[in-house]
Amino acid sequence: MVTSLNEDNESVTVEWIENGDTKGKEIDLESIFSLNPDLVPDEEIEPSPETPPPPASSAKVNKIVKNRRTVASIKNDPPP
C-alpha cells in the first residue's frame, strides 16, 4: 500500500505486512513509471508561486486502475 508521496525526492513510501511484521520501502517514481508506463502522466506541470492553479474542471487526473477478480466456489451436491 502506498502510504505517502515524497514530492521533494520524487518517490513514494510503501508498506505491507509480511509474516505479521509491517515492512516498508521507499521507491523512486522513475522506477515505478519504467515498470508501469501506463501510469506516466501526459505532461509534467509544476505551478510556480506566481501562477494560480488551473480550475478543477480542466485539471487532468491520473487514475490507477486496479483489476479485481472475485472467485466463488460452487458447491455441487449429489442429487437426493
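Glycine too: its Cβ is placed from the backbone N, Cα and C atoms.
Curation does not apply to TrEMBL; its annotations are automatic.
According to TrEMBL, the feature domain 'Kinesin-like protein KIF2A-like N-terminal' maps to 1-33. According to TrEMBL, the region 'Disordered' annotation covers 38-80.
Note on the domain 'Kinesin-like protein KIF2A-like N-terminal' (1-33): DSSP counts are 5 helix, 21 strand, 7 coil. Predicted-model confidence for the domain 'Kinesin-like protein KIF2A-like N-terminal' (1-33) is 94, expressed as mean pLDDT.
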